[in-house]
């Protein structure tokens, strides 16, 4: 599929490396929703935006490989959290910006993804995070790859919150409506079932 030439080039990181505690320890990206693994829905949404699609995964690498250009793993064991995956993605990225998304937001749409890149391009040296009301969504973000040293320094100082790191770097907010259905995290069996009857 051709890339959208009107948007700045970016790498894309899909986060699928978590423990899946709310899913009973299952590998969340491979759980089926509307007949396909969650990762397949996200891959289809972001594929037109990039020629460098990275998936952060710590299990089932052979299954995730079909959806990615690159796979990365956390550099520490025992599922250290999403900041570890983001650091790995920043190190692997082939473009100047990295768009990040978790694997459990299959309702995100083309318009919002493009808005993220367009807004990030207006302040290219700062990270961008989605926000609805007063609530930040730190795992839906665009990060300049040049900020990798700042992320590494924060990690080495013991920080594990992506949101705190980005706010310390004067993050830009892309405001979304309160209760925006596109941001629904389908991260429990109950939420998957609730949303399964609604068309994608």
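For all residues, glycine too, the Cβ spot is worked out from N, Cα and C.
Summarising the annotation, TrEMBL assigns domain 'MobA-like NTP transferase' to 13-170. Positions annotated as GTP binding site by TrEMBL: 15, 16, 17, 28, 74, 104. What TrEMBL lists as Mg(2+) binding site is 104.
Within the same chain, residues at least six positions away from residue 74 (GTP binding site) with a Cβ under 8 Å of its Cβ are 17, 56, 58, 80, 84, 85, 88. Counting other Cβ atoms within 10 Å of each Cβ, the binding-site residues 15, 16 show the lowest value at 15. Considering only the residues assigned to GTP binding, 15, 16, 17, 28, 74, 104, the longest pairwise Cα distance works out to 19 Å.
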